[in-house]
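Below is one structure; the comments refer to it alone.
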Amino acid sequence: MAWNFLSAAAIVANIIFSIILVLLNKQLVVAYHFKFMTVLSGFHFISGFMVCLMFVLLGITKYKAVNSYWSIFRISLGAFLSVVFMNYCLSYSSVGFYQVIKLFCIPLALFFEYVLGMQQEVLNLKLVLSLVLILAGMAMIIREEVSANFTGILWGLCGIITTALSQVYFSPLKKGLGLDVMQLLLHTSPWLTFGSFISVPVFEDIDALRDYKLTSAVIFTVLLTCLLAVGLNITNFVVLSEFSPLTYNIMGHLKTILIISVGSIMFNTLPSTTMLVGMTIAIVGVVLFTNEKDAQQELKKNALPYTAVPVEDSGVEMEKAETV
């Protein structure tokens, strides 16, 4: 699908919301010792639902019934697990490690696409080289982090697996539902909120949660993160609707440098030399991957008008061509 103003605006807003949200979530853990990530995720999800409901009541968004609650459930489950696992990874890890481990979503998403028969890229030498660089950089980063924080790595691995799967499944499921961005968020938010709060006894220390002393600063920060989470959820749905899962990952990594830089300064967690080398190698791999993917998409776009088999003779209903 061709780039347009809405797509560009959604990407820019997504990057800004994501950076500030990550830093504020980490601030809650470091400065205020608020480590209840499942509870925080529940607040974020219910905030999204309230905004969508307000849009419906004001007539900004039209309510549309769902033709498959099973698809809604799968989208909600993937989003819930992804958000909760990655929030716990952030809680136990440095901001830099939290952001960089997301790079592993690229080879994982590619792997899942091929296994599930949903591949969108041609696996040639350049693409393989870029993936090798990403994996090599990630290996250096994880090796350095293992000695200091094994728990954070476990949460991160769970997070990137669920993130990659949910991104791969998102586009075809959304097409089947026939919902726009806000309609989909309206239907998934209650499931996400319900899942978060019933999972509190599993993920949280109930005694510590009950004894935690709320302050005005904590309340203000939590409310601010809720607003940012709403904006991030909306822009996530827009971007994932317009682009493929791997393109979404590549665009998301544009914020890696900013998050690592600002996070390292704010929380005094400068990465080691090994981690810096690993980050550099992984980011070079991302750049190579981006260039190769763009080249493949350009070839597909140029070849599209010259399809030899007419649509009416192919026996298959052709969908609208998409380019990214």
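Note: Cβ is positioned from N, Cα and C throughout, glycine not excepted.
According to TrEMBL, the feature domain 'Sugar phosphate transporter' maps to 16-289. For 5-24, 36-60, 72-90, 96-116, 123-142, 148-170, 182-202, 214-234, 246-267, 273-291, the entry in TrEMBL reads transmembrane segment.
Counted over residue pairs separated by six or more positions, the transmembrane segment (182-202) shares fewer than 3 Cβ pairs under 8 angstroms with the transmembrane segment (123-142), which leaves the two as not touching. Note: the stretches the transmembrane segment (36-60) and the transmembrane segment (123-142) are not in contact (fewer than 3 CB pairs below 8 A, sequence gap of 6 or more). Highlighted: of the candidate stretches 5-24, 96-116, 123-142, 148-170, 5-24 has the greatest count of Cβ pairs under 8 Å to the transmembrane segment (214-234). Mean pLDDT for the domain 'Sugar phosphate transporter' (16-289) in the predicted structure: 82.
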